[in-house]
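> Sharing a structure with you now.
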Amino acid sequence: MAYHNGSIPHRALFIMLCFGMAKSLYTIPLKIFTGKFNSSLDLDLTPLKLIQASGNGLSLASDPAGIVNFLDMVNNLQGDSGRGYYMEMTLGTPGQKLNILVDTGSSNFAVAAAAHPFITHFFNTALSRTYKSTGRGVAVKYTQGNWEGELGNDHVLIPSIAGTLTINIATILSSDGFFLPGVNWQGILGLAYPLLARPDSSVEPFFNSVVQQTGIPDVFSLQMCGAGLSASTTADPTGGSLVMGGVEPTLYSGSMWYTPIKEEWYYQVEVLKLEVGDQNLNLDCKEYNKDKAIVDSGTTLLRLPVNVFSAVVEAISRTSLIQDFTSGFWGGTKLACWLKGETPWRFFPKLSIYLRATNTSQSFKISILPQLYIQPITDVDGTLDCFRFGISSSANGLVIGATVMEGFYVIFDRAEKRVGFAVSRCAVNGGIAVSEISGPFSSADVASDCAAGGLLKEPLLWVISYALVAVCVVVLLILLLLLILPCRHRDRSGEITDESSLVRHRIK
């Protein structure tokens, strides 16, 4: 969940009248439907065990020399892209169990510490004899929602790690738009770098503490298994897997492809180009990385900079077999509903994202089929199936969110400063693989550096910001003095003439 970015929706409006397919003998029957869907979800988690690194710096789950097999970590997540992926953790002494959202787009470990109408329970710090408050306040604002609270630390027990850890915890005392109806989590696990921690980077993030206290490799991997599942289902979805300290080979097929981490704040990567079907959008590669391109499990959709989003919608509209598609569908305010059993996926093209490889003269592409970006939301009276568009525009950069991540097993190899992608074994819908990966391709036809200009980071960012504010204040004071005490020519009567008035010359 990047700060100021995409969301976990909890309601939707529905829509669309009948429309036809271009150059086809068929029509797609649609009906209008308004209402809400039930997004409640239960939880059933599998315990995890301690792991040990292999000699190459990565812990491979199938390594026979390991103390345990990472297979014990498989399916330790619950959830889906619409409600987020979360795991159970135990906080305090005696232990209190909470479900915690896994988020690679933030860095605070924060849990509800007060009652809220949309959550069933919270972490009661008064009942934990090991909780220690630091007395520091903290506030975090995301694209969807915000919260305020207090920093502290306490013992945390994670099913995958033997022993008890002491972790920085932000206790959420008030929030707005952060906890939503139907979600089954009571906190957020920020897995990004210290630079994003609030109130400042001195607050050690969760995974940094785990690596420091246990000695596991500075690597974790994530599989999200909600591909093609309705976000309104009341049955427990497959969920996914968070493997701390390494890689589980049984979770993916084919080769693993790595892209460098450009900056260590978010997991910022470099996107070289996008294709809709086999059509290159032919945009300047810097457009794709404005103002950053990140991999974020806490963001529901694939979010694209405004110009890129417009180009993608235009290309999909032109490439698909659908005519007269309402703008509300592309804008996310309306859902398309087909008669039950009539899925729209065959009418849409695949979407490909080219990432720079670790060999910077090469690239590889990750492709998602429409089953991932034309997403089932709900059925209506057993007669209609409704879908949303899993891509949105963004004013804060390109975000590879759950829409894309559900197709891949993603490795966050912090030790080697790279993010890896391989086809996920659970990215299958109706027996069909809904993701692809291929390469290498030459990147000679794109700029050597497509990322946005150098990032200003804390504390340098604050220093420069305050310096600029000071300069602006000085300039404004000078202008104000010039307005009040202008250099003026006075006539014999001593009055300011029109010829000497600053106002006149400013208008000119």
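Cβ coordinates are placed from backbone N, Cα and C, and glycine is handled just like the others.
All annotation found in TrEMBL is predicted automatically rather than curated by experts.
Features from TrEMBL:
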ACT_SITE  D103  active site
ACT_SITE  D296  active site
DISULFID  C225-C426  disulfide bond
DISULFID  C285-C450  disulfide bond
DISULFID  C337-C386  disulfide bond
DOMAIN    85-422  domain 'Peptidase A1'
CARBOHYD  N359  N-linked glycosylation site
TRANSMEM  460-485  transmembrane segment
> Compare the Cα of N359 (N-linked glycosylation site) against each of the recorded positions D296, C426, C450 and report the nearest.
C450
> Would you mind reading off the Cα separation of C225 (disulfide bond) from D296 (active site), to the nearest angstrom?
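Computed Cα spacing between C225 (disulfide bond) and D296 (active site) is 15 Å.
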> Around the C-beta of C337 (disulfide bond), how many further C-beta atoms are within 10 angstroms, looking at every protein chain?
26
> About how far apart, in whole Å, are the alpha carbons (Cα) of C450 (disulfide bond) and D296 (active site)?
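About 20 Å separates the two Cα atoms.
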> Enumerate same-chain residues with a sequence separation of six or more from D103 (active site) and a Cβ-Cβ distance below 8 A; give 'none' if the list is empty.
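Those within reach of D103 (active site), by Cβ under 8 Å and sequence separation of 6 or more, are M1, G84, I188, L189, G190, L191, A192, D296, S297, G298.
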> Please list residues from the chain of C285 (disulfide bond) whose Cβ is under 8 angstroms from its Cβ, counting only those at least six apart in sequence.
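Once residues fewer than 6 apart are set aside, C285 (disulfide bond) is near V271, L272, K273, V446, A447, C450.
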> Taking the Cβ of D296 (active site) as centre, how many other Cβ atoms lie within 10 Å?
25
> Between C337 (disulfide bond) and C426 (disulfide bond), how far is it from one CA atom to the other, in Å?
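Here the two Cα atoms lie 26 Å apart.
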